[in-house]
């Protein structure tokens, strides 16, 4: 923890100065909608399943508290913290277990938070985050796959409830609206990544497409004959007051001694979930595809997470932690990109990340917007959002998370025609195609077990499966898979610069690549062991600004990342992540 603070402290003031950048504006707006709307949908889920114990105000206050703490004090301010799908499952599962026994639910949850705070601090003090060296893409992809399906499942559940709440006509209109939201929001992302239109309107559509889609379809349902159809909307309560008839501070002493100690096993499961979920969120948000320049601090942030967990328990609000996929989406929205034309590759144009705007303002700003949202006028506005629109946003988040997931990419590789598969693909160099099938099958079994148990009363035990995935990858799978197969199929989640603070990446070893390879391959979307890094060479390239031009009014200026400071000059070189110089962390 001390080393984390020492490494990050010199960058603290630059975290505020660097926010003077255009990318912060769309990132704030996008993350506000990408964070608040799923959170509101989760609040609807908890409102229903905990019999009005949690509602909109509890979820908003939890997000505000977490965003303020982590944006001001965290060593990794890019990580978005809030109410997640797994904690929603945890909260109403605890309710189903203890409330029928006559236990005070809020007091019991407060003690879970207190015990978990102690456990988080013990984990932080004992440098437990060093075990992140064993967390690879295998575990992250499996958990990310699970979270994506939780989003899709919640969207479907919101729609199926419409038959019981408002009738068939309303249900079918909600389904139509949800699919339209998915189509338009996803289409905006595709358009933003294409070469259509000028880069300014293209980037505007990419940055603001999802929020504008939500706003448009909230009003769309009031057009024509649709205005005569009753649609269920998001339930809200009195501004700045708890949903239930209680105060904000929980009387945690109104519980028996036996129940205080009964909360310990629940706290253990919560701590396991948060240790894995928050750290994975941090790893993915600082993944090797992002050219970051500022050091991370996993140990210190686990300490802060314990603090926010304890405070949330005492306030009677859901426990917040790192969000997937919002955390990596936040970093992506802060990426300044440009189009690079490689004349040696017959003028082929690729989109590359120029730099990431690493700062604290976007996280803090979207958190404070949550606080404003708790006011009376904006709660009225939230009450206008049809539940079908919220379901559509669930679908958008789920599809986007699945699209970039390593499991999805491997399945697509296996489904491709072998004769039309790119020979430079790392998976194409694996001799045993069976190894790819077995690797994917193990990931899907891990996902299936985690998803299945989360549908039962034993749902609070699903964090145990996450730990088993790490054990299986580190000690069991190497017994059957060959080393070269695992290097192609799996990789560290983050680069050496990020992993250095936890002792380096698992299985990291030096590899050598022929210096003469100048094939212009940028962005290995599968992130499977090989990293492709672009060096600008005026002799064979020219830039077309994209995104960065919006900020500066002209061509993008390259700012080197920490690792790039040691790179040799030249053209495009392919090299292993493990060969990146690890000095200076």
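Any Cβ shown, glycine's included, is placed from N, Cα and C.
What TrEMBL says about this protein:
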type: DOMAIN; residues: 1-160; note: domain 'Bicarbonate transporter-like transmembrane'
type: DOMAIN; residues: 170-492; note: domain 'Bicarbonate transporter-like transmembrane'
type: REGION; residues: 535-585; note: region 'Disordered'
type: TRANSMEM; residues: 29-47; note: transmembrane segment
type: TRANSMEM; residues: 59-85; note: transmembrane segment
type: TRANSMEM; residues: 105-124; note: transmembrane segment
type: TRANSMEM; residues: 172-196; note: transmembrane segment
type: TRANSMEM; residues: 208-225; note: transmembrane segment
type: TRANSMEM; residues: 255-276; note: transmembrane segment
type: TRANSMEM; residues: 297-319; note: transmembrane segment
type: TRANSMEM; residues: 378-402; note: transmembrane segment
type: TRANSMEM; residues: 434-453; note: transmembrane segment
type: TRANSMEM; residues: 459-476; note: transmembrane segment
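Tertiary proximity for the transmembrane segment (105-124) is limited to same-chain residues at least six positions away from its ends with a CB under 8 Å from its CB atoms, namely 1, 50, 53, 91, 94-95, 98-99, 246, 250-255, 259-260, 262-264, 266-268, 270-271, 274-275, 299-300, 302-303, 305-307, 309-314, 316, 319. In this chain, the transmembrane segment (172-196) lies in contact with the transmembrane segment (208-225); the count of Cβ pairs under 8 Å, excluding pairs fewer than 6 apart in sequence, is at least 3.
Away from its own ends, the transmembrane segment (434-453) comes close to residues 138, 141-143, 145-146, 149-150, 407, 410-411, 413-414, 427, 459, 461-462, 465-466, 468-469, 472, 477, 480-482, 485, 489-490 of its chain (Cβ-Cβ under 8 Å, at least six residues beyond either end). Residues 1, 3-5, 7-8, 42, 46, 54, 58-59, 61-62, 65-66, 69-70, 73-76, 79, 81, 83, 87-88, 90-91, 106, 109-114, 116-121, 123-125, 127-129, 132, 242, 246, 248-250, 252, 270, 274-275, 278-279, 282, 501-502 of the same chain, all 6+ positions outside the transmembrane segment (297-319), place their C-beta atoms under 8 angstroms from a C-beta of that stretch. Beyond its flanks by at least six residues, the transmembrane segment (172-196) meets 155, 158-159, 162, 202-203, 205-207, 209-210, 213-214, 216-217, 220-221, 226, 229, 231-232, 339, 349, 351, 386-389, 391-393, 395-396, 399-400 of its own chain at Cβ-Cβ distances under 8 Å.
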